[in-house]
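Participant: Please read through the structure below; I'll follow up with questions.
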Amino acid sequence: MQPKNEPTFRQSVDMMFNRAVAKMDLPPGLEEKIRVCNATYTVRFGVRLRGGIQTFVGYRSVHSEHMEPVKGGIRYATEVNQDEVEALAALMTYKCALVEAPFGGSKGGLCIDPRQYEEHELELITRRFAYELAKRDLIHPSQNVPAPDMGTGEREMAWIADQYARMNTTDINARACVTGKPLNAGGISGRVEATGRGVQYALREFFRDPKGLEKAGLTGKLDGKRVIIQGLGNVGYHAAKFLSEEDGCKITGIIERDGALVNEAGLNVENVREWIIANGGVTGYPDATHHAEGAAVLGAACDILIPAALEGVINLGNAADIQAPLIIEAANGPITAGADEILREKGVVIIPDMYANAGGVTVSYFEWVKNLSHIRFGRMQRRQEEARHQLVIDELERLDRYLGDAWSMTPEFKTKYLRGADELELVRSGLDDTMRVAYQSMRDVWHEREDVDDLRTAAYLVSITKVAASYRAKGL
Ligand SMILES: NC(=O)c1ccc[n+]([C@@H]2O[C@H](COP(=O)([O-])OP(=O)(O)OC[C@H]3O[C@@H](n4cnc5c(N)ncnc54)[C@H](O)[C@@H]3O)[C@@H](O)[C@H]2O)c1
């Protein structure tokens, strides 16, 4: 949550945007057009529950329609509000542009604590929320495509997809109305892990950038680096798991709602996750020191700090305490604009949210393309007759022509696709490719422009340039 004495989340995003556009030469007025949120819809609906009627409040914000559909997750949390969804929608615009996913930015939220409801109640509420949004075309395969965010996952996406399909029985593309669905409901392999996987790939690429490492005062490889992570949910769990199991990082701290676990020798991520699922929190976990004041551990010594829970957790109140030389923003907006300035002055390198957590929307894009093409990715095609394989090649070439520059597929990725690689392999290589190319585009600006001293500004410059080009091509 954003601290009360600081700008709101949306204002914070706007301040970071303004810092970047001040270094650009945009036509008069275009800057404002890009920054503002096009529309935010509030829906209030009643659901009959527990012998009465409960009224729920939800939002869907559309930040920019320079490309359609617009894209962005749906969050379930009690703190959801208009300012928050607008900030998150804006970040989606910049994120999609940066990784060249051909979408505008959107975001949604429902004011609810999902832990207070039974599964069948959540299904009723989600279906009703989906109905409210879909009847206003705020869920639609070619206009607005949601995905999971905090408090939602595959299960909710399957309900949303089914609700949309019931309302649009003749729409052959109905499945593409939402991404992050389970595999058996039109999802794609590797979507659940995608955002955490993207964090891993982003860090790997950062560690291939000697100048970046030098700016952070780090040396060597990821192997052995001490990592503190906040939030062991979808994003945090996968990032921590892959970094510890595949890159040799030591997870020395895990911060959750009910406190933090610290173990300088390294925590076993799987064991902690199982403990949280069984016990509802980290309290009582045997193999670590427990700190009741979890947020204080954000300031503990480590090499890499990964906030992967909420916005505004590093703010004017604690920015000066941060010891990590490198922060990767797995969450959206974890660092306020004021804290960002303090950290920059301290020389802390920040890998910004719009890049760091773009793995989710990247793989969502693959899922959406898969749903629209109606062709199953993967090895099965290779094993089937040649004609079927040819169909995949034709379809791919058609998509390539149709999507043109917006399609971020490199020759290496295309080769894998054409030879019928396993779907998970295909998704991971496409994600890796995307994260590398996007990092390199920010890195060049960061290292080459003397007036740019941080990766966030570099990321904004790259993405705003692309959004501006889209608007100008449309005649604005
Ligand atoms: N899910 C995605 O694909 C995706 C994609 C891009 C960005 N994100 C961003 O990543 C962040 C996390 O999303 P998620 O999908 O992992 O959510 P999630 O609900 O799966 O997990 C959130 C985790 O944070 C913990 N948490 C909540 N409040 C906390 C607090 N005050 N202190 C410490 N921990 C706390 C929760 O207990 C939970 O473990 C959000 O900012 C979200 O917008 C998610």
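Glycine too: its Cβ is placed from the backbone N, Cα and C atoms.
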Participant: Suppose a student reads TrEMBL and sees Lys71, Ser364 listed for substrate. Which of Lys95, Lys346 should they find annotated at that same site?
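Facilitator: Site partner of Lys71, Ser364 for substrate, according to TrEMBL: Lys95.
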Participant: Assuming the binding residues for substrate are exactly those in the record, Lys71, Lys95, Ser364, what is the maximum CA-CA distance in angstrom, rounded?
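Facilitator: In whole numbers, the farthest two Cα atoms are 13 Å apart.
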Participant: Cα within 10 Å of Asn234 (NAD(+) binding site): which of the recorded positions Lys71, Lys95, Asp149, Ser364 qualify?
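Facilitator: Matched recorded positions: Asp149, sequence order.
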Participant: Report, in whole Å, the straight Cα-to-Cα distance of Lys107 (active site, proton donor) from Asp149 (site 'Important for catalysis').
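Facilitator: So the Cα of Lys107 (active site, proton donor) lies 9 Å away from that of Asp149 (site 'Important for catalysis').
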Participant: Non-local Cβ contacts of Lys95 (substrate binding site) (under 8 Å, 6 or more apart, same chain)?
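Facilitator: Set apart from Lys95 (substrate binding site) by at least 6 residues yet with Cβ under 8 Å, we have Ala101, Gly105, Asp353, Met354, Tyr355, Asn357, Ala358, Val361, Ser463.
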Participant: Give me the count of other Cβ atoms within 10 A of the Cβ belonging to Lys71 (substrate binding site).
Facilitator: 27
